[in-house]
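Undergrad: Residues annotated as transmembrane segment in TrEMBL: 32-56, 68-88, 108-127, 147-165, 204-232, 244-268, 280-299. Annotated domain 'G-protein coupled receptors family 1 profile' per TrEMBL: 48-297, in sequence order.
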Amino acid sequence: RFMPSHSNGNLSMAYFQDFVLEGFGGGLETQALLFAVFLALYMVTVLGNILMIIVITLDARLHSPMYFFLKNLSFVDLCYSSVIAPNALANFFSSSKVITFAGCATQFFFLSLLATTEGFLLGVMAYDRFMAICSPLRYPSTMCQSACTRLVLGAYCGGCFNSVVQTSFTFHLPFCSSNRINHFFCDVPPLLQIACGNTTINELLLFGICGFMIVGLAFVILISYGYIIATILRMRSGAGRRKIFSTCGSHMTVVTLFFGTLFVMYAQPGAIESMEQGKVVSVFYTLVIPMLNPLIYSLRNKDVKEAVQRLGQKHMTM
């Protein structure tokens, strides 16, 4: 938050109130192409996730724990992309690419909150499938409405905890070496690059908390699916196995994409130094994955496809 200035030959500190998001390099044609790609990804993300929320809300047949969690996942994906995309789109043709200190901290807070919440939601969804498939008799009582609500609130609380810790530690650093962030949004690795204080604690927090959450949640999900696969293999009904594999396959695809990219970005040494690679990976997990999630769940889910058809037919007859 500071920049060095000279007064009477002595080095002093002066406040600056803005950061500059450098984004992607290249000329006007490159910026125009990237703008078109970002806009297309964001529009599909918005339309796809809003459609999922509307369909699950309006169709009584989808009022079950699995779709309650899926609706919350769509809401998080929608907010998650909206924290990043509009500002990134505006900066493609902006000469200044300025974001205020408060704006940067706010963007970072909600990014961290929503990304962590999504990870916890994916873990909750794996637990839901585990209970439904491995303990079907206990499922109605275990996954009642109040329990589902508590699990979703717990996911948000986990996201809030990580966000408060990361934001407070990151934005208490002195930023006196530069105010130019080598990224298209405010994130930990590029912010640590321009900090002039000791960032050891921040790096330990980044790799420690994020690594623990990513690895821990991935471990829980893998154990859940280990039991699910064992249960599926004992089933005699081929149709039942195919239906469960279809539902669980969608979830595992989303889990693999999300946790794989987060691990590359935050939970492995050297992530902070590789900013150019980091920007590409960031596009994937901030825009591509939120766009793919509703497509994956709708295209591979018979119940969702039928609900969309019913909603379309109802709209046509009105």
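The backbone N, Cα and C atoms fix where each Cβ goes, glycine too.
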Undergrad: Please give the sequence-distant neighbours of the transmembrane segment (68-88): residues at least 6 beyond its ends with Cβ less than 8 Å from one of its Cβ atoms.
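TA: Distant contacts of the transmembrane segment (68-88): 21, 23, 38, 41-42, 45-46, 48-50, 52-53, 56-57, 99, 107, 110-111, 114-115, 117-118, 121-122, 124-125, 128, 148, 151-152, 155, 184-185, 286-287, 289-291, 293-294, 297.
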Undergrad: As a test of reading the model: what is the averaged pLDDT for the domain 'G-protein coupled receptors family 1 profile' (48-297)?
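TA: Here the mean pLDDT over the domain 'G-protein coupled receptors family 1 profile' (48-297) amounts to 85.
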